[in-house]
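Everything below concerns the one structure shown next.
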């Protein structure tokens, strides 16, 4: 009876044990992925800290790379790189695990020689194995290099010559390097070494030292804005460091142009050239630094300036034949060839002085330096609105197409609102001291260069009307008027001409009342009653490239040549 009345203990105990197992497996299934994720994150952060420590202490210019950016082989283990780094000075590429070994085993480009015993013409090749550029050919057998799917063949990081593994000979290893195609643009390491030695001896006769490199030696200084052109400048800095001496390449966001240009004082007089990679604002920044060199008495070291356009407008670079914008369509090597072929010209630079109106105004007048144009009216209003929104959210304005779409939006809005109407009642305009009667305009534009508004030739216009050609070196300004934002759009698509007011050496504009938007070379602001005076300031030495001319440029250039020939003929007749 007692045995029959006792409950069976088995089934409840088994149920409790099953619940414990379920809870345990549930915890494991939740906590194990969390633990694995945390452990992987910790290991990844440790690897990143280790890699950054190597980057910071290394003489190489390491940058991160992976399989998706460019399929390459490690120079140490010869395996495919899944996650690794490359040097943007010598082009060395290594896997993440081999980074420390490569940093110790392979030297980077020598900015200057360690000793002064080697002569300038006795520098040997600096070979790097593997990852040679596409479509490169062996200097020995003239066959294509880098065709095998493995780490193979060699490249000299100075002259950029390539050679097959089987064609590499002892004589070729010890052969002196002539710096290749761009020898006339490169500052050799031996030159920097000799300069340091001369400065220790308190000598400054650099002309004798430079005579060893010939009269064709025109060293090129690269000044790139890494923030221009959707941050394209950062990649260009690395490509230029590979082709030139890294001491010639500067990021203006880290080294201001006035400091970077001091390297020109170590070069022969009137020999240096500068390539500015950025927008028109960056070019103006560099030209201001060149003016400071003149003030310091360094005028004989002033370089000639070329432009690689990375911004949105790029009207100055378009005027000088360098195109409306660079997006990597031609290789960097071709850019250097274009610089070597470019011709020197002069560019007028103007002083824009803005004096606020009022008897008790004690503020100093604002002063700007103008290279491109000054304007008051709808185009300045669009620039002001664009600038205000870009300051709030700079990450959104990272594309030329998007930037132009924003300009189109504000232009359409102004067509409806007409914030700048009746400008002729608010301003007085004087050209060379003579007041000009104005029609019912909304905007006035004062031009120094041929292009305006992202590629429009404003002064010449369209049709059969004959007007004196706009030049950027004649000491004259072209003054035009527009009837509104819609009129500006018509001009840009060649459906209308501006109202041509005239040409002058000095322009004065008096704003009598209200606030109006103004701009100088794309830098806008809102201005109250004032007097704006534009006078000639100085000349800048620029480089003009004729290879990127449009049809309008060719016709304008031919017309200018005809005018010059006529002037010379008139002089001959008078003589």
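For all residues, glycine too, the Cβ spot is worked out from N, Cα and C.
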Stated TrEMBL location of region 'Disordered', expressed as one of 526-550, 551-575: 551-575
Correct range for transmembrane segment (source TrEMBL, candidates 1-21, 22-42): 22-42
Across the domain 'DAGKc' (215-356), average pLDDT on the 0 to 100 scale: 91
